[in-house]
Amino acid sequence: MGSLTFRDVAIQFSLEEWQCLDTAQQNLYRNVMLENYRNLVFLGIAAPKPDLIIFLEQGKEPWNMKRHELVKEPPVICSHFAQDLWPEQGREDSFQKVILRRYEKCGHENLQLKIGCTNVDECKVHKKGYNKLNQSLTTTQSKVFQCGKYANIFHKCSNSKRHKIRHTGKKLLKCKEYVRSFCMLSHLSQHKRIYTRENSYKSEEHGKAFNWSSALTYKRIHTGEKPCKCEECGKAFSKFSILTKHKVIHTGEKHYKCEECGKAFTRSSSLIEHKRSHAGEKPYKCEECGKAFSKASTLTAHKTIHAGEKPYKCEECGKAFNRSSNLMEHKRIHTGEKPCKCEECGKAFGNFSTLTKHKVIHTGEKPYKCEECGKAFSWPSSLTEHKRIHAGDKPYKCEECGKTFKWSSTLTKHKIIHTGEKPYKCEECGKAFTTFSSLTKHKVIHTGEKHYKCEECGKVFSWSSSLTTHKAIHAGEKLYKCEECGKAFKWSSNLMEHKRIHTGEKPYKCEECGKAFSKVANLTKHKVIHTGEKQYKCEECGKAFIWSSRLSEHKRIHTGEKPYKCEECGKAFSWVSVLNKHKKIHAGKKFYKCEECGKDFNQSSHLTTHKRIHTGGKTLQM
């Protein structure tokens, strides 16, 4: 089989055919022809640039291009008309076409030889063809057929009929190989040339066979060549069609509009995908787990979960991801970039999904409701996590110690206890943290910002978690119950800490003195004893404290604030510990017993005072 040439993939239009096309079709023709030529050049097939391509690049009309001008091949020259002809065509047919094309707008009486040849013998190249043409014209002058639409003259009835078919738009010729129809035999022949060459190109990399356009695309995957460059931003592409799609980004044009919701898209494929959200259609199904998706790209991304593949690696810290979008979002942690800004409050975020979640704070919307207890949530993920409280599920297990967790985020945080790693450092004071969220919370200490306000009492907090914790005081809810002793807690973390009283577990150990604690907060507080650091200072009197909680309690001395009220008698206290002691008076309970005489007391301070009786007024040395 001969090699592919530009003539095999080029399509010729006459003036009347060209005028039947609308502007969009003409532009499509230009783009297709130019891309076909570029593809042939890339494959090393194309000869010197054909005149048709030069015309198209210059924006000229291609209809007046002669068929033989499509490629540069050695022509046969007619000495009389100096007309280039196809060598492979019959000269007889060629000469007739030359005469008819030259005089197509004249009457049939003008179809004769002009100056230059005294007789037929002098036109040696086309002698036979001329004789036949002359005979045809002289013997059948009454059978010259005229096209009423464009006044073209045809010397055969078949030619006239064939020409008229162009105006009717009928496509009588059908390709058996593909379901396509054509109105002209030449167009059908043209089409056949393309499909007969299918699989004639083989990839040297894998020996895979392709048709000519697929071969080009496949070849570019291996070479990495991207010849189609965007003049606007310099981005390069392997195919001209992809470049055309890309250009829409710069223009911002959105021609494809959803009739259902009015949303517009730059590409028709995006609109088709979008429509599935209204229809609920999910045609792309995962063979592994049966989960269905509305987009093929989402299915492809999903499949990496089963494969365990993580091809996208962060050059900064080495962390790997199964999606490029996740890597891009992760990189913002290192760069500090926050491109997604909330129009309501100006707060910026590293990714769009976090911004979307944040926006719910302003609307107060909670569309996701728990069927078990009726509690509502702003996000579906929060509802899913909440449901585990009722189910008691703990699907996430630590391979190091075997401990199980309800949430993957809690397991991730837990793992750092074993490694002792603290990758997140505060630029302000140099303090390091195990999680990014802990660093974010810490930074508020330096800024003093308090964005989260309680609608019930007006109190403001630096962190949303603190506000959530605070709200439980007003609600009086205690959802988390200890199965061992029945004691209930407002927060799951408090229940977990409480359980350690029964188990005696003390997982948090001080590296300095070896003392162990059941709570990480207690270990943190304890460590300050070794450093002697008192970083929390009272602005009123200058007194310094090791812990921020002590400073907060101390400030009440100056303000006179007593937020802790006894429900029994109405008496108020500055500190919760004092309120707890006070409540024992009403309960009549006496937890503190003197080992010397057996007397009971409801407060430890009363027992300490009592003991002085036995010691003779001397305070016991502990």
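Placed from the backbone N, Cα and C atoms, the Cβ positions cover glycine too.
Pulled from Swiss-Prot, these are the features on record:
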type	residues	note
DOMAIN	4-75	domain 'KRAB'
ZN_FING	228-250	zinc finger
ZN_FING	256-278	zinc finger
ZN_FING	284-306	zinc finger
ZN_FING	312-334	zinc finger
ZN_FING	340-362	zinc finger
ZN_FING	368-390	zinc finger
ZN_FING	396-418	zinc finger
ZN_FING	424-446	zinc finger
ZN_FING	452-474	zinc finger
ZN_FING	480-502	zinc finger
ZN_FING	536-558	zinc finger
ZN_FING	592-614	zinc finger
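Taking Cβ pairs closer than 8 Å, the zinc finger (368-390) reaches residues 357, 360-361, 406-407, 479-480, 492 in its own chain, all 6 or more past its ends. Within the model, the domain 'KRAB' (4-75) carries an average pLDDT of 70. In this chain, the zinc finger (396-418) lies out of contact with the zinc finger (340-362); the count of Cβ pairs under 8 Å, excluding pairs fewer than 6 apart in sequence, is fewer than 3. Just going by CB pairs under 8 A, the stretch in 256-278, 312-334, 396-418, 424-446 that sits most against the zinc finger (228-250) is 256-278. Note: the zinc finger (452-474) comprises 11 helix, 4 strand, 8 coil (DSSP; helix = H, G, I, strand = E, B).
Under DSSP, the residues of the zinc finger (424-446) split into helix, strand and coil as follows: 11 helix, 4 strand, 8 coil. In the zinc finger (284-306), helix, strand and coil residues by DSSP number 11 helix, 4 strand, 8 coil.
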